[in-house]
Amino acid sequence: MAGAGGGMLGSCSCKIGPSILNADLSNLASEARRLMDCGADYLHLDVMDGHFVPNMTFGHPVVKSLRQHSDAFFDMHMMVAGPEQWIEGMRDAGANLFTFHVEATDDVKGCIRKVKEAGMQVGIGLKPKTPVDVVFPYVEDVDMVLVMTVEPGFGGQKFMADMMPKVQALRAKYKSLDIEVDGGVGPSTIDLAAEAGANMIVSGTAVVRSDNPREVIGQLRGKVDEAIQKANLER
Ligand SMILES: O=C(CO)[C@H](O)[C@H](O)COP(=O)(O)O
Ligand SMILES: [Fe+2]
């Protein structure tokens with residue numbers, strides 16, 4: 001099944017993408033269905049290789065299986081060393097957006113080109129210790145920039161508010177860029193992320209472990225929509 005929503009990026013509108021990292025991974029298809037039915041715009045799938053980060057999750061065979069059960073937009077958060085070697089596999093598995101880390105390759109430009117040639121949209125991510133200007137040379141060539149708000153590797157960590165200046169710096173320079181935040185984002189931290197200018201919101205634990213995921217997704221969306229409206233009025 002080909003992924004739907006292939007053209008989802010580019011409009012800088014609010015998009016909420018639950019991370020399935022802390023979901024019931026033994027029931028991935030039903031978790032995906034549950035989250036999309038609760039109003040998610042896309043699914044954020046965390047791929048960890050045990051090298052780039054000290055944890056492991058899954059690779060393209062699992063993504064390919066999930067694609068048989070879901071036509072959601074798949075945002076692949078590639079926490080892997082040497083992301084180039086995963087491009088074809090993820091494309092064939094039905095991934096829509098391939099987001100790799102600038103720290104993970106010596107050839108960021110080449111990796112961006114290869115992802116595009118493979119027919120996927122491309123995002124670049126940066127870890128908390130990486131300064132934001134490292135991504136500036138690539139922003140014009142990508143569909144999305146991911147600002148990590150926790151040290152990558154595990155779900156359920158505390159949101160790092162001191163990453164917001166990176167989001168603000170990107171938003172100040174690029175008004176219509178899709179900017180994603182990931183890590184510790186939920187109803188208690190969304191205000192900071194939304195006001196800084198993030199429009200793609202990854203939320204794992206806060207959504208997946210909630211008794212009412214629909215309500216949490218609605219709250220996150222409300223805050224981001226409000227901040228976007230405010231920013232548009234101020235322009
Ligand atoms: O990339 C990640 C961790 O490296 C996850 O996407 C992120 O942690 C989401 O989970 P939570 O909202 O629970 O922090
Ligand atoms: Fe992630």
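Just so it is clear, glycine is given a Cβ too, placed from its N, Cα and C backbone atoms.
According to TrEMBL:
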type	residues	note
ACT_SITE	D46	active site, proton acceptor
ACT_SITE	D182	active site, proton donor
BINDING	S19, H77, G153, F154, G155, G156, G184, G204, T205	substrate binding site
BINDING	H44, D46, H77, D182	divalent metal cation binding site
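Feature annotations (TrEMBL) mapped to structure.
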residue : record                             : DSSP (3 states)
S19     : substrate binding site             : strand
H44     : divalent metal cation binding site : strand
H77     : divalent metal cation binding site : strand
G153    : substrate binding site             : coil
D182    : active site, proton donor          : strand
T205    : substrate binding site             : helix
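In sequence order, the recorded positions near G153 (substrate binding site) (Cα within 10 Å of its Cα) are D46, drawn from H44, D46, H77.
Among the recorded positions listed (D46, H77, D182, T205), D46, H77, D182 have a CB atom closer than 6 Å to some atom of ligand 2, in sequence order. When the Cα atoms are compared, the residue listed as 'active site, proton acceptor' and H77 (divalent metal cation binding site) turn out to be 5 Å apart. Note: the divalent metal cation site is recorded as H44, D46, H77, D182; in the same chain, G17, S19, L21, L45, D75, M79, T99, L146, V202, G204 also have Cβ atoms within 8 Å of that site's Cβ centroid. The sparsest Cβ neighbourhood within 10 Å, among the listed active-site residues (D46, D182), is found at D46. Taking Cβ-Cβ distances under 8 Å and a sequence gap of 6 or more within the same chain, the neighbours of S19 (substrate binding site) are H44, L45, D46, H77, G155, D182, V202, S203, G204, V208. Non-local contacts of G184 (substrate binding site) by the CB criterion (under 8 A, 6+ apart in sequence, same chain) comprise T149, V150, G156, Q157, K158, F159, M160.
If you take the C-beta of T205 (substrate binding site) and look for same-chain residues 6 or more apart in sequence within under 8 angstroms, you find N22, G155, G156, G186. Note: the substrate site is recorded as S19, H77, G153, F154, G155, G156, G184, G204, T205; in the same chain, L21, N22, D46, V150, Q157, D182, G183 also have Cβ atoms within 8 Å of that site's Cβ centroid.
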